[in-house]
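Here is what Swiss-Prot says about this protein:
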- Asp799: Mg(2+) binding site (BINDING)
- Cys1123, Cys1126, Cys1141, Cys1144: Zn(2+) binding site (BINDING)
- 878-891: compositional bias 'Polar residues' (COMPBIAS)
- 893-903: compositional bias 'Basic and acidic residues' (COMPBIAS)
- 842-903: region 'Disordered' (REGION)
- 1123-1144: zinc finger (ZN_FING)
Amino acid sequence: MDMEDEYEPQYNVDDDEEEITQEDAWAVISAYFEEKGLVRQQLDSFDEFIQNTMQEIVDESADIEIRPESQHNPGHQSDFAETIYKINFGQIYLSKPMMTESDGETATLFPKAARLRNLTYSAPLYVDVTKRVIKKGHDGEEVTETQDFTKVFIGKVPIMLRSSYCTLYQNSEKDLTELGECPLDQGGYFIINGSEKVLIAQEKMSTNHVYVFKKRQPNKYAFVAEVRSMADTQNRPPSTMFVRMLSRTSAKGGSSGQYIRATLPYIRTEIPIIIVFRALGFVADKDILEHICYDFNDTQMMELLRPSLEEAFVIQNQQVALDYIGKRGATVGVTREKRIKYAKEILQKEMLPHVGVGEYCETKKAYYFGYIIHRLLLCALGRRAEDDRDHYGNKRLDLAGPLLGGLFRMLFRKLTRDVRGYVQKCVDNGKDVNLQFAIKAKTITSGLKYSLATGNWGQANAAGTRAGVSQVLNRLTYASTLSHLRRLNSPIGREGKLAKPRQLHNSQWGMMCPAETPEGQACGLVKNLALMVYITVGSAAYPILEFLEEWGTENFEEISPAVIPQATKIFVNGTWVGIHRDPDMLVRTLRRLRRRVDVNTEVGVVRDIRLKELRIYTDYGRCSRPLFIVEKQRLMIKKKDIQTLQQRESPDEGGWHDLVAKGYIEYIDTEEEETTMISMTINDLVQARLNPGDAYSDTYTHCEIHPSLILGVCASIIPFPDHNQSPRNTYQSAMGKQAMGIYVTNYQFRMDTLAYVLYYPQKPLVTTRAMEHLHFRQLPAGINAIVAISCYSGYNQEDSVIMNQSSIDRGFFRSLFFRSYRDEEKKMGTLVKEDFGRPDRASTMGMRHGSYDKLDDDGLAPPGTRVSGEDVIIGKTTPISQDDAQGQASRYTRKDHSTSLRHSETGMVDQVLLTTNADGLRFVKVRVRSVRIPQIGDKFSSRHGQKGTVGMTYTQEDMPWTVEGITPDIIVNPHAIPSRMTIGQLIECIMGKVAAHMGKEGDATPFTDVTVDNISKALHKCGYQMRGFETMYNGHTGRRLSAMIFLGPTYYQRLKHMVDDKIHSRGRGPVQILTRQPAEGRSRDGGLRFGEMERDCMIAHGAAHFLKERLFDQSDAYRVHVCERCGLIAIANLKKNSFECRGCKNKTDIVQVHIPYACKLLFQELMAMAIAPRMLTKDVKLAKDQKKKGA
């Protein structure tokens, strides 16, 4: 297309050739979110588990085969020589989520009911079971009886909300509202016992991948190559293989050759590599070297192998090599044949299982093993850098699917073991086998429930369990919920001060949000996904393998090792499948097929030209992201495609999947990204075409859809994050999760333990484009406040702010706070159960000192009751048996078990829910609401990590005002700006001013061409000072302020930390039982700790009496009687006024001393360990003298 064509009018014939603009890219992004939503990675992963993985696990399990233990019965001659029972599991079925009431009725379960009634949102799982009884006669004929049990119930599987088996799947907004659900709720979590649980993605190193690391010297080894090998089908724990090259100098100081040794699974010592080759059946040195070096002219590499060849010179055939390995196995003292068989088994089944575990895999294994050594040698020769542990291409994420898959596999195996045991018992005792009894559905039901409820992944109290995999979904704000659903965790110990894994790595660009990570010990280990990342669910490798076969891949049987250096090695999911002579054509074809969706779109194709490798990935857990495809410096997507996208009637036709299918967009994973050339903006692409001389690259292959999509959920809410110092964006990402807003639209129908709702939330005047996809406009969390930056009176020093009291009275940042209390009537035995009701002081023991007046006769406070600290809101009693109280019938017949309000809170009873739980027992939730009005000490923040507390509130008359009569709502100290460099806040302020004036929203999306100058000019046009300064007048005196004040609307957030929840003091109060020191914490009405540092200051001051008062009198003073002779604690009976020390038979020389109770406890604990701490109350010498006199 020529230059002049560019500027021709729209109705040209070449209309379809018109290029799109960066603005049009947002239409594409909208299409993505419309189709995918924000938690697609969770849903797809779970669906994969339900639809494929579960069936695979059941199919994988071998038949249960049982032979009766024959009881020797001499007189009785049986009809059959032997009987074999076989049980196997077939097709599985999952129904919609159901619940069984206590009376046995079943009904469809909806999430709302599960939340309110503390049920688990799970669906029953059924399986077809076939039982075969094979009877062998004495004459060798067989009789088989087959019995089919269809749809046997084997357990309940928790269902992820909005996944394809959920009752809410593909419901319209209207239906969702009628079901009491929030239409904006994204799903992606589970409901376990009424609480919402998220599975956090777990990061791990990718399996079947050769890594070579250089060891820090001095070390026994110079280089280590490792492969975590895991077969696709069997999900056994991966077997790791290490190949290590020893350092030149051994630990003793003598120079040993650089031997190379390998670790094999279940073998105690390291085995020289040459012996492994010989055990695989490659005996001649030439054959072995061919599998490692490929090229005999490479003398350097051959030389490195010399020591290893010499080391293994003594072993020259396969049997001896196998015996060498077998000798070092687990079992000791078996025959040679057994050892050889054992070694063969290990080489076949346990070594590199992903290459193959069948009979004739030796060639493939030898080649792969040779490849590992080849890589190790390349690294040792310095021809190739060591691998990077933190590269994101080497990482995989375990989402809900794989996590639940591993758990289900374990539980299903346990179930089959139990079935086997039960059937064996039945058969041995000659009973009939009833499969309904044999299959304990509780195994799977409670196993899955336990792991999801506690977050301990794996069996209860077993080793190798991971903690914190499932977490309670954060429902503070809508953004915090979304962010929690897109979080991922690296299971590295939090204590390790390792910097490397925590740093932002180049390969994380576009995959992980650079700003959103917690501060403190988990920094950089807990990450969040960027907006458009998709995590692959994995697809089968066989279509790829078939394709490679057709397109001229040569496998190991057909090739001679000499050709390997010239050809390109081909790997599929880390397994070396063969070589190819024309990789360029192969890659082009693969990509073409992928763009036509003939090959799954999530397949990754990585061509490493320098290494002559082509790596193809189809596995699960790779991060990938969509990019525009560029060919000949032009985007494949054109203006007309954008128009069809915008004009479509229904969301089903066209849309995102259509763009992918047409080959305009493709998903690129982290590793493939390094083989592409990506243009940052559409504009860069146009520039590269117009003047190729200045272009960064003349072969762009892809183009970013929009650079701002590298940010995650919380960082996408920040306006102009590209104008802030980077840690500020991190702080805001953390605070945005604590801002009050409307966390979900159906909060009236929910009984959350804690909930905060802002009275009058506003959408921000200054927005980012990504916000509309995060539904921040529908569910905002803040208010556009008029903010002045000024020192006014000095009550805004050190990050505090001055707030306008009149604005507060009008409802500025007023919020609701809900807290729910729950209780249930538990069964105490078979007959006795607890009862809700108003306790009667006459007959109930252990009643609280709070007020019981607010309760109705049913034991519940009715809605609309005003309650304050310690008032009882749920009355509950338990009957007590009459015979205690030492025989005499006590006047009490019941014991009090009521729930009272937290003592520091007041409010109104908002809603009471009385229902039954899964066991049919009555159970109640009471929600109390209170209004929180901003006051001194409450915490607020802007969207730029500028947090502050209210230092003072002034009424409107006392606030400064502008000529137009505007008074600010908030005054921030100017010292908050320079050192923190949050220029974004200043730009937001003047843009907000323009936006308010023109009645539009300001666009503050990062990496766009908005400049401060443009905004300033627009502000000037509106008739203001162009940099946002205003003349103001002092509210106290009415005089004009000498400085110009920077003023304008800025979006502020109210954070959940409020002074009413924190204020705490104590005069007297409860003490701990063990140490008799004051309790700890506000909730227990505890004391304030006078710690070691405070103690040191008092010592430095020399304030001895004060020190004694704090650490002794006010803490745990205690009086104890001590024997003067031996210095141990004596017995004192103060009633009878008698004292004695039995050890010394001393009844007179006894004194009383004052020591801390904790000290007395320590002394007694020492005595229990047979160490006698003696308290000598007078001089030792004197005591001896007296003893002499006494004698």
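Backbone N, Cα and C atoms are what each Cβ position is placed from, and that goes for glycine too.
Every protein chain considered, the tally of other Cβ atoms within 10 Å of the Cβ of Cys1144 (Zn(2+) binding site) stands at 16. In sequence order, Cys1141, Gly1143, Cys1144, Asn1146, Arg1174 make up the list of same-chain residues 6 or more apart from Cys1126 (Zn(2+) binding site) whose Cβ falls under 8 Å from its Cβ.
The local packing around Cys1123 (Zn(2+) binding site), expressed as other Cβ atoms within 10 Å of its Cβ over all shown chains, amounts to 25. All protein chains considered, the CB of Asp799 (Mg(2+) binding site) has 17 other CB atoms within 10 Å. Residue counts for the compositional bias 'Basic and acidic residues' (893-903) under DSSP, helix first, then strand, then coil, are 0 helix, 5 strand, 6 coil. The Cβ neighbour count for Cys1141 (Zn(2+) binding site), using a 10 Å radius over every protein chain in view, is 23. Following the DSSP three-state reduction, the secondary structure of Cys1123 (Zn(2+) binding site) is strand.
On a Cα basis, Asp799 (Mg(2+) binding site) lies 59 Å away from Cys1123 (Zn(2+) binding site). One way to see the shell of the Zn(2+) site is to take the Cβ centroid of Cys1123, Cys1126, Cys1141, Cys1144; the remaining same-chain residues with a Cβ within 8 Å of it are Glu1124, Arg1125, Gly1127, Leu1128, Ala1130, Arg1142, Gly1143, Asn1146, Asp1149, Ile1150. The secondary structure of Cys1144 (Zn(2+) binding site), as reduced to three states from DSSP, is coil rather than helix or strand. Mean model confidence of the zinc finger (1123-1144) amounts to 92 (pLDDT, 0 to 100 scale).
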